[in-house]
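What Swiss-Prot records for 6-21, 8-16, 15-38, 29-35, 34-59, 47-66 is disulfide bond, and it gives similarity to another entry as the kind of evidence. As annotated by Swiss-Prot, domain 'Disintegrin' applies to 1-73, with the evidence given as sequence analysis.
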């Protein structure tokens with residue numbers, strides 16, 4: 001949602017200020033398949049295993065989301 005950096009529904013998220021929905025100082029991310037302990041996972045970390053003829057998807061080191069490989073079946 002606009003103006004929100006993270007999901008502020010739970011005060012238990014150690015990366016997010018539940019009152020403002022903003023990431024805490026030093027946090028890169030609050031959740032996502034490529035977010036680990038408030039930091040982006042390193043480039044090349046598998047975030048989605050291949051299925052069928054598809055290939056594995058990897059974190060890019062710059063976001064918390066898991067980008068689809070360009071050869072997605």
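Cβ coordinates come from backbone N, Cα and C, glycine included.
The structure displayed is predicted, hence computed values, not measured ones.
Helix, strand and coil counts under DSSP for the domain 'Disintegrin' (1-73) come to 0 helix, 13 strand, 60 coil. Sequence-distant neighbours of residue 29 (disulfide bond): residues of the same chain at least 6 apart with a C-beta under 8 Å from its C-beta are 6, 15, 23, 35, 38, 39, 40, 63, 64. Checking Cα-Cα distances from residue 8 (disulfide bond) against the disulfide-bonded residues (21, 34, 47, 59, 66) with a 10 Å cut-off leaves 21, in sequence order. In the shown protein chains, 21 other C-beta atoms lie within 10 A of the C-beta of residue 35 (disulfide bond).
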